[in-house]
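Record features, source Swiss-Prot:
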- 37-509: domain 'Topo IIA-type catalytic' (DOMAIN)
- K45: site 'Interaction with DNA' (SITE)
- H81: site 'Interaction with DNA' (SITE)
- H83: site 'Interaction with DNA' (SITE)
- R124: site 'Transition state stabilizer' (SITE)
- Y125: active site, O-(5'-phospho-DNA)-tyrosine intermediate (ACT_SITE)
- 499-566: region 'Disordered' (REGION)
- 528-540: compositional bias 'Acidic residues' (COMPBIAS)
Amino acid sequence: MARKSFPSGQIIPTDLHEEMERSYLEYAMSVIVGRALPDVRDGLKPVHRRILYAMYELGLTPDRPFRKCARVVGDVLGKYHPHGDQSVYDALVRMVQDFSSRYPLLAGHGNFGSVDNDPPAAMRYTETRLAPIAMGAMLEGISEAIVDFTGNFDNSQEEPTVVPAQLPLLLLNGCSGIAVGMATSIPPHNLGEVVDGLIGLINKPDLSDQELFKLIPGPDFPTGGHILDSEGILQAYQTGRGLIPVRGVSHIETIRGEKKRSHNRTAIVITELPFQVNKAAWIEKIASLVNDGKLDGISDLRDESDRTGMRVVIELKRDAEPNAILQKLYRMTPLQSNFGVIFLALVNNQPVQMSLRQILQEFLQFREDTLLRQYENELGENRRRLELLTGLLIGLENLDALIEILRFAADGTTAKIQLQERLGISLQQGDAILGMPMRRITGLEREKLQQEHTDLAQRIEQLETLIGDRQERLKALKKELRGLKKKFADERRTKILQGMPAKIEPLPVNQDPLPEATIPPVESQSAPEEELDSPGEPEQEQLVLENSSPPTADSAPEAKQDDLNLAVKPTPKTVKQEAQPSPEVIATHSKLVSVAEKNPLTLFTPQTPPAEAFLSINLQGEIAWHPEELTSANSFEPLDQQFSIQGRETLIVIGDHGKAFPVAIADIPPLAVTRIPLLQILPKSAQRDATTVTFQGFLPPPEQPQDLLLVSQQGRVKLLAGQELQELGPRGLSLMKLKNGDLLQFAQLVTPVNPASAQNPGKNLVIATSNGRLLRFDPAQVGLTCSSPSAQGQEAMRLRATESLVGVLMASPGDRVLLLTQAGYGKQLDLASVRLGNFGELGTTVMQFTSKADRLLTMVAANQGAQSPQSSTYDFYSNQQRLHSVQADQFQPWGKDGFGDRLVDLNEGEHLITQVAHLG
């Protein structure tokens, strides 16, 4: 019922409950419509829309200089948003933060806060401007003809009720807000996936939910993380409400002590946290749990995060099990948390809870209506312009008559009337002719007018088709979406782990956790944080566990948990053992995969795989078995190696510390459950001493004896009889004595070395270095024979300070090898052109480089008579996480001099880093 109007100053008696009901309803609707909930069309709340439009009016486009945030906030307050300045600035800051918005709409200059919930600098210090996506996908072409405008709070200005968004920002950046009696919580999504979903609905409006959810598999948070359970996503997308469990990204590292005699330590390293988790508060939570005695096994806790990304190191005590600590962190801290989804937004100024499909359909309807208004407005403008051009061309064609009229006309009005009568033009055309500059009479200007007239006529015809034919309009919409995807889309940051349980099973007190526990493989791709105003590198905060009282003679060597206090102090970053890069050289050899850097942990039930199953190892050194061979169609990550089990029960694993261990095939999990770091399956002594796995494979049958060729990082080589590994026990066997920090880099099974003869020329050992040098020698001639496991081998090749080994193989003197550099240059080389050398030599330079930064990446034997067609293709992985394939026949014969041919097209700043297994 409308409220009665009363004279000003009159006191009206009113029941309290009626006034409270009316006032509260007005307040509730004001909060719902005008403050807390976003519009489904452009995904913006009023404050965000007003900030964008105010900056658009100020001309703060991406190609213009930054402007002080205080100026922007002042314009927003004075023109459109009569609220507190701090609330407007807080909204502006969140639009800049790349950890709050998946696709920030504003670019910032200065300190805009951090993931630790550090406050931003005051608005008088920070500067901002529109981001390219805001200008190119939100505000382009905004005008009263395209979208509706309304008066501001005092009707002195006009503001848009919605911006002509070309992308559904409601899904891209998400939104959260608490209104009166309702709330919204929408997670961010990947732009490329959302565009694919929109195009899928355009092509097939009755697209099934299953097909739609394949195109948009789940949220994509700006801070990364792992989504564990797809059931929560399915429920949220279908009903508009649901819980999505999100887990931080972690891996296990073996940290080498800074002192010589200090022991290696195991640490859990967190590189990504769930969305909206405060890192500093999370670290304090862990510290509190440790001090309260609720979380045992942690000896040190520090934050090593810097501008390159997040890194929180949790060092463990020597007897602690990493998987047990990790499970407790999931259960007791926000390292695993649920993101509550509520798809609530305004539709026609009314709050509506929608499914994912409804949100996409609402946006498509809005975008189609906006395009229609845009085309109609452009058509009207073009028709008016075409009319004027037609008049100008008529005047130029009748130039003599035009001059005569102008010469004898008494005034402009008379001239206009005579032009209309003699040339048959309209009033507007007459005005255009009279206002035409004299330069229009020239021939060149006349041609320009004619060309513009032709182009306008064609555009008008196109616009009439677009307005009259909905299918053509939808084609234009799809073209627009594809263009925006190409311009703004990026890789997914949040990995969705299918089949992972969302619930964390509580561990009983004093229960020994399973040694096989591990979390799924992790790819950390944290984006660099915004550089702060403060100069220099940021200090790292370390939470150190210290005794609150000095130790006494009777005290135990290790402090009790109850006696531990946490103190915050800056410390240098942990010194990590760097894995030496080395490419794969033959099918039976695995390069030095850095298991220490990525050693994730999950629970699985041991089971024996079928005899025909396959084993595969990824670039993180994680292994799993699968019933069928992986191909490019069913593998979603590059592999270091893949081979058939062939009924074997034991796998031989050799670490870079030179020790071999047997691994039961039954201890390896199936790929359907997870991958497990190969190093983690080994005994604790191997996990403590080794940082990488140098070799994994099966022993040959006794009737086909083979020797084991071992080459260290410092260039020492030795042969070991294969029979030494036949009786390998659980305690392992030391294969090579390593001194002075040397590590085992290559290990491969080879045919036993026999003296060469005319009938059997024998095999040569070929070693390649990163500087492009090759050393070839005959093992029999130089006296390379099988030695005992305790021998340290002989110095095969002298290496320079910045040089490392990149390839080792056994080949016949008449064979050819393929060489490839990090910059993508390759060639085929005849080994006969490399002179035979001896132990301790530098070798022969066989590769030239196009730049000083380039290095030889790998050396492989040319596949002459290869049994598998896959072996004729080589795959390489780059520092930009791109996969490049090279065919064997692309390597052309070259001599020792020359760069070779450019075989791989690389982006700027991209270079190849490793060879991976080729998947057919």
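In case you wondered, yes, glycine gets a Cβ from its N, Cα and C as well.
The highest number of surrounding Cβ atoms within 10 Å, among the recorded sites K45, R124, is found at K45.
When the recorded sites H81, H83 are compared by the number of other C-beta atoms lying within 10 angstroms of their own C-beta, H83 comes out lowest. Y125 (active site, O-(5'-phospho-DNA)-tyrosine intermediate) and H81 (site 'Interaction with DNA') have their C-alpha atoms 22 Å apart, to the nearest angstrom.
Across the fold, the C-alpha of R124 (site 'Transition state stabilizer') and the C-alpha of K45 (site 'Interaction with DNA') stand 24 Å from each other. Separating the Cα atoms of H81 (site 'Interaction with DNA') and K45 (site 'Interaction with DNA') is a whole-number distance of 12 Å. Around the Cβ of Y125 (active site, O-(5'-phospho-DNA)-tyrosine intermediate), 14 further Cβ atoms fall within 10 Å across all displayed protein chains. If you measure from the Cα atom of H83 (site 'Interaction with DNA') to that of K45 (site 'Interaction with DNA'), you get 14 Å.
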